[in-house]
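Now, the feature entries from Swiss-Prot:
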type	residues	note
REPEAT	60-89	repeat 'ANK 1'
REPEAT	93-122	repeat 'ANK 2'
REPEAT	126-155	repeat 'ANK 3'
REPEAT	159-190	repeat 'ANK 4'
REPEAT	194-223	repeat 'ANK 5'
REPEAT	227-256	repeat 'ANK 6'
REPEAT	260-289	repeat 'ANK 7'
REPEAT	293-322	repeat 'ANK 8'
REPEAT	326-355	repeat 'ANK 9'
REPEAT	359-388	repeat 'ANK 10'
DOMAIN	420-508	domain 'Death'
């Protein structure tokens, strides 16, 4: 054999062994049943030879014994025990075979280990003992065996969690009953490192049965955790409507705020829990901005893009023009975000378009500043529409316009021909400044014209500006239910554009025979 080849083969052997060990380690981590109990630290980088020499810090016989405990292979466990294996050996996470047997709910493996005097007091690197794992996994029989073997019933992990915390968090009712009724461990009902008692943890997970059990055992609390959250806030945060319903039977303060001055309604709104929002509204949750609260519920729903929640709040008569700390309305916020759907919803709800924020800007000015041209056009359409309604209030009371009203961009087949005509007019006929003349003729305000011009894409931007102004005009023309082509012809003549008017007349004569009534857009 080539000496260099042999030398290379020998050098690779430890690395291959390390790779196999690392693969087994990753597979083991992926299948640990208590992986949600503690955050696993990132493994430190080891050189391959060190990893190969001490996989998980165990001897080969010890690793085999732990694997046998994981799979409840009692025959192999017995054989290895006869070979004097150290049954209390710990891996690099400081876990013993008993940790794995309890975590897998393997009654037979646990019985074998306890009968052979396995230690029950070993805590892993996260402070988890076998009593914690039994409380989490919910095996009543294993819990009995561990207590009988002398396991520390009051042990805490690094997060200050004891057996009662873990049982409550994972909805293990029998374990809670045993700890409180049989062992009388009422002193386990204490805050963990985050200031949360078992009742908080049950509420956070939405475990209705556990909440009711803890209430029955007089282990409920209205205390706040270190973040200022009550059990009600934690349940609302995760949208647990049934849990919130049970919690409200214990105290009626549905509007209580946490340390950030956020109520349960605001929390549910921010996270888009529509069913819970509707329930809280039915419980008379306060819709008004609370003192020192940064964002009212409607603002939170808009900021977090929760259209269903927005509709629920508006149906409950939330003030559509409520102001936040910047004196902005929900429409300001939706316009700034460029959220077309929510802008449409708020516009149709009849919001006040004239309100200015602390900087003196209307929602239109905010949308223009943020370069949201679609929203700018919607807001101008709305301003013109509501001005028209005000002017013709009596004549449109019974109009069917409202049922089909939209301020969004029109893509309907009914208006395709007239939109094509307007595009040709804007891009091939109108000269610079012509569209502003038409806009002023059509009673566009200077603010509206400036908002359209805010979108700048170069010296030819006036084509796009003109087309947008023409489409906004079309929206209003369709609302009057007049013939838009005829109306445009007459207005072009009045504005001093006879050649353009003639092109419109020719277009109208071609389409009169096949014209259809245009829908409001």
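Quick reminder: no glycine exception, Cβ is built from N, Cα and C everywhere.
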Model confidence over the repeat 'ANK 7' (260-289), averaged pLDDT: 89
Same-chain residues near the repeat 'ANK 7' (260-289), Cβ under 8 Å, at least 6 residues beyond its ends: 228, 232-233, 235-241, 244-245, 248, 254, 295-297, 300-301, 303-304, 306, 308-309, 312-313, 316-319, 322-324
Remote residues contacting the repeat 'ANK 8' (293-322) - C-beta distance under 8 A, at least 6 residues beyond either end: 257, 261-263, 265-266, 268-274, 277-278, 281, 287, 328-331, 333-334, 337, 339, 341-342, 345-346, 349-352, 355
Outside the repeat 'ANK 6' (227-256), six or more residues from its ends: residues with CB under 8 Å to it: 194-196, 199-200, 202-208, 211-212, 215, 220-221, 262-265, 267-268, 271-273, 275-276, 279-280, 283-286, 290
Sequence-remote partners of the repeat 'ANK 2' (93-122) [C-beta within less than 8 Å, at least six residues beyond its ends]: 32-34, 56, 65-66, 68-70, 72, 74, 77-78, 81, 87, 128-131, 133-134, 137, 139, 141-142, 145-146, 149-152, 155
Residues of the repeat 'ANK 6' (227-256) by DSSP state, where helix covers H, G and I: 14 helix, 0 strand, 16 coil
